[in-house]
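Notes to accompany the following structure.
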Amino acid sequence: MLMRRSGLPPCDQCVYVLICVICAASSVVEEVTRSCQISPHFYTTITMAGAALKRLMTEYKQLTLNPPEGIVAGPLNEDNFFEWEATISGPEGTCFEGGVFEAQILFPPDYPLNPPKMKFKSEMFHPNIYADGRVCISILHAPGDDPMGYESSAERWSPVQSVEKILLSVVSMLAEPNDESGANVDASKMWRDEREKFNQIAEGIVRKSLGLPPAPS
Amino acid sequence: MRGFLLTVASFGLTASVVGHAFFQKKQFYPSVVYLTKSNPSMAVIYMQAFVMVVLMGKLFKTVFFGQLRAAEMEHLIERSWYAVTETCLAFTVFRDDFSPRFVAMFTFLLFLKCFHWLAEDRVDYMERSPVISWLFHLRVLGLLAVLGALDMIFMNYAYHSTLTKGASVQLVFGFEYAVLFTIIVNISFKYVLHTIDLQSENPWESKAVYMLYTDLIMSFVKVMLYTVFLAIMIKVHTFPLFAIRPMYLAMRSFKKAVNDVIMSRRAIRNMNTLYPDATAEDLASSDNVCIICREEMVTGCKKLPCNHIFHTSCLRSWFQRQQTCPTCRMDVLRTPAATLRAQQNQQQQQQQQQAQMPGMMPPFPGYPFWMPQFHPGAQFPNQQQQQQQQQAGSPAASQQATQAPGGAAAATTPAAGSQPGDASTSATQAAAGSTEGVAAGTPASPITPSSVPPFPFMMPPPPFFMPPFATPPPMPPPDFAGLTEEELRAMEGTERQHLEARIECLRSIHTLLDAAMVQIQQYMSVVGELGIPPPPPATSLYGYTSPAASGPATSGPATSTTLAASVPDSTTTTDSADSGATPKTSPGTVPTLRKDKDSSADLTSLDGAAGFTPPTEGELIPEYEEDTPEEVDHSEIRRRRLQRLESAGSDNQ
């Protein structure tokens, strides 16, 4: 009777034992992998893979060797060259002057053949930047689709373009918004009709990007 | 952190519930019975089971993937939502079978699906990361093996259960696992391809092609699976609403794969047939960096009609997406296609003519000469250049030049010869055209009628296709001071033959014209039926026929050029208009001059009598053998031809 009561493992007991084992094992494995990641040279092989990766590496090298003024860009993590971070300073003489804006650039696996996607991490208020930060310029659009229905294919993406050219066009877009293709309709309207107000908001954004408190009004 | 708290809370709850039961009943079995009877305790235990499943998932994730990247996580969550919704839909179909066991199986399926997606993402990541560790390979291999084995086991189980117990919910599981298994196979293929690619220093060129075909086959298998599943489900149960979305996705990806394969094949074919390999000089003259991959170009490069050079493999993958030059966005398919179309047009016309008048087709020695006045806007630079070289270089021409200094031949030959070798620019072409015109026209002024007889070139252009801007007929050299007695006598002796040849030529022209009229009337009737509006007139069939007809007449010494000069006067008006109508803008592609092959034979027959050396076949026939792309729009060809013929007809009426 006693044997039957406690000896046979009923499912509940099994479950509890299993849980304990799982918890322990998962923490151990995590620990092991973390320790592995600390000394990667021991077991990693660095290989050159894929035309896209090669090209991104070349572009990164060029960008670091002679960076364009006001632009810093590079991969977030050297393991993955397909996610970049860019820092763009607001062009001088515009309402965005002085601001430092962070953006994320995501490259497709077939990169030079398809355009990357660019998204501002900092808050932006600009006729050509969507509210969620996505940048809307023709150079970032694949020639096939025409979201705005007015761009000629000559302005669209082609492998001739590069990260540097994209960032330079973004800078010039910051300087001269194109209010005809409003990604942010409020911003385009304000840019056209109430330039004073737009400049005020832009100033607020610049202060925010620098981590300053809003300007006293 | 929140997850950790939840886990701890769940463990605590379970422990308290179980402890409470033991504390109340003191013995094991009564406490188990008590637990299973009480709903709140069961709820707590189910929660615990769920937490455990999540923990299991985390364990496997850590074992096989380590840290998930942000993109993978995003992907996973997005897909999980769809999977959960679909599972809920599936529950509605199988609500009769609804039981904890059933829920457990669906949960397990969901987890396996998540792992498949993660594996897919991971293997795709191989292409993106410069650092691929051995641990990575181990993990991927282990994962693929485990997932594959699990898929097989469940498929097997579902199959046997369906056989023994009849169609049940196991059918759904069977198909789900079969689909998952195709994913595993696909991932394995990709993994192998990526691994091979990683081994080599340079990117593996044909990898893209293998990937395309793997995708094609796998998506086809998937579509077939879904179709069979749909059919069986409709027969056994009801319409499987939950399978619609994945089925649609599978079909879309299959369509995309088919499209990709077609585009790729087309791109490869175009690469191989239309565009020449870049030579070493081409590479040296450019900046030597492929704009697509930003790598140096050493070998394996192609040159587009716009003179831009790229790696063959880079260009191929770009052409899969787009048929434009990456640098200047010139439409590479359109341009050669248009030229080929025009070429086909001509060939077809010739064939038709030949078919209609067997034996009546005279040779075409004059054919190359319709070019000079063709169109200064520069249509066939290569051809023109070649003609000039012919004129300048052929022994016949030089001989004539010595025999008849100051004559038309002499005028033409130095003019042509003086052209720089690279007559490909439009400026030089225009110049060439004008020089030819001068050669044709200006010798007329110093001529005296008495000097005509020895030269049988006085054939007036047939009046019925006298062009509006006809220049005066070309004249012979003003005097024969440079000729010896023998030469003059020889010229006189051949005069009769020349005249005969000329008359013969006129007869052939007449016949040809009659035939052409018949043809035009036929075409007009066709056009009338089709109701295509007539384009502006100014084109004519005779552009092709009359130079041909002048062929036999080119028998006298020094006449080949003069004749050539005279014939274009009458004919090239039509041709220039013609060329204006058809956009043949590719400098690299020129219509085939195959017909000259036929004519050269006749030319040689005239050789002895005429003192005219027919250019050798190699010289005369600039051969541009081009594979006609199948995609040339046939209706377009038809339309153009009809237009041309119709306008020709209206010209004549």
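Using the three backbone atoms N, Cα and C, a Cβ is placed for every residue, glycine included.
The compositional bias 'Acidic residues' annotation in TrEMBL covers B:620-630. Taken from TrEMBL, the feature domain 'RING-type' applies to B:290-329. Under the heading region 'Disordered', TrEMBL lists B:340-447, B:543-637. Per TrEMBL, the feature transmembrane segment maps to B:43-60, B:102-119, B:131-159, B:171-193, B:223-244.
The average pLDDT the prediction assigns to the domain 'RING-type' (B:290-329) is 80. Shown for the domain 'RING-type' (B:290-329): DSSP residue counts in helix, strand and coil, namely 10 helix, 8 strand, 22 coil. Taking Cβ pairs closer than 8 Å, the transmembrane segment (B:102-119) reaches residues 50, 53, 56-57, 60-61, 64-65, 68, 72, 75-76, 79-80, 83-84, 87, 90-91, 94, 140, 143-144, 147, 150-151, 169, 173, 176-177, 180, 183-184, 187 in its own chain, all 6 or more past its ends. Beyond its flanks by at least six residues, the transmembrane segment (B:43-60) meets 6-7, 10-11, 13-14, 17, 35, 100, 107-108, 111, 114-115 of its own chain at Cβ-Cβ distances under 8 Å. Cβ atoms under 8 Å from those of the transmembrane segment (B:171-193) belong to residues 90, 94, 105, 109, 112-113, 116, 119-120, 123-124, 126, 140, 144, 147-148, 151-152, 154-155, 158-159, 162, 204, 207, 210-211, 214-215, 218, 221-222, 225-226, 228-229, 232-233, 236, 240, 246 of the same chain, restricted to positions at least 6 beyond its ends.
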